[in-house]
Amino acid sequence: MVRAIAILIGAGIVACLAWALFGTVYSAVTDPAPPTAVEEFHRHPKEVELASNGLLGTFNERQLQRGLQVYKEVCSNCHSLKHVAFRDLTQLGYSAGQVKKFAADWAVKAKQFDPKSGDTTDRPNTPADYFPTVYYPGTGNPPDLSLITKARHEGPAYVYSLLTGYQDQPAALLKHFPDAKVPDGLYYNPYFANLNLAMPPPLTQDGQVTYLDGTKSTVDQNAKDVTAFLTWAAEPNLPARHGYGLAVLGFLLLFCVLSYGAYQNIWRDIKH
Ligand code: HEC
């Protein structure tokens with residue numbers, strides 16, 4: 001008797017759950033939720049051609065130097081780069097002397113605590129220092145850029161697309177989603193996750209940065225170069241990693257050939 005009641009209650013619960021599931025699926029099919037502005041207007045990053053792309057990608061030193069210049073003259077006003085040390089810049093082809101001067105001239109000075117007086121004072125950066133943290137009083141929180149190309153899906157393509165993707169809010173968007181007007185103090189960018197971000201367009205006109213190597217300084221070029229630089233910042237040992245990968249594949253290939261030879265040798269006189 002008790003058993004029959006238990007089975008009945010169980011069957012009742014299963015029936016309820018099945019009914020609820022049916023209701024959810026039915027309404028999802030017959031009356032789907034209307035698409036949101038983000039679903040309709042968010043765009044996938046554009047492809048960007050960088051020397052570091054692909055399995056054998058490596059860095060283009062001159063492009064990294066130009067990217068550093070864009071970071072220094074534009075992005076570093078708001079964004080920190082706290083995981084990169086000045087001495088790492090020798091990997092960009094600068095001499096130790098050049099790096100020393102670059103660090104000493106860096107506008108934001110290193111902080112130094114004097115244990116005797118208890119005061120914190122400024123001192124020029126040395127090559128051993130990391131890029132100092134930037135104070136940013138404006139709207140929004142500019143993230144540290146050291147690892148940004150790793151922190152975002154399709155990092156380099158995303159950063160490049162974001163920098164070159166600012167535009168006016170499309171009229172079609174406002175027509176379909178009248179409530180989705182860009183909030184005050186934000187800027188429309190279809191590559192940003194929620195379409196509106198607090199970063200004012202940082203690269204607005206060609207020639208904003210004057211390159212020393214004669215490369216034409218366009219917004220597109222600036223965006224590419226700083227993207228290449230940030231890709232290096234996030235993974236400076238990328239070319240070495242690609243090199244190891246190739247060497248390991250070569251070794252495995254050779255190992256396969258040798259194993260096959262050994263197999264042939266061992267089984268030579270055995271019927272199998
Ligand atoms: C005037 C200050 C300012 C400048 C200059 C600036 N940014 Fe930003 N940036 C911001 C702010 C603020 C945010 C945060 C935006 C948000 O979360 O809405 C941001 C966000 C970002 C993001 C992250 C977007 C995300 O997915 O979270 C990237 C990447 C970025 N900036 C790259 C750059 C690069 C590269 C430069 C130089 C070419 C640059 N920014 C120059 C203020 C600035």
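Quick reminder: no glycine exception, Cβ is built from N, Cα and C everywhere.
It is 244-263, from the ranges 184-203, 244-263, that TrEMBL records as transmembrane segment. Counting every protein chain shown, 19 other Cβ atoms lie within 10 Å of the Cβ of C78 (heme c binding site). Within 8 Å of the centroid defined by the CB atoms of C75, C78, H79, M199, the record's heme c site, lie the Cβ atoms of V74, S76, N77, Y136, P142, L145, P202, excluding the listed residues themselves.
The 10 Å shell around the Cβ of H79 (heme c binding site) contains 21 further Cβ atoms across the protein chains shown. In the three-state DSSP assignment, the secondary structure recorded for C75 (heme c binding site) is helix.
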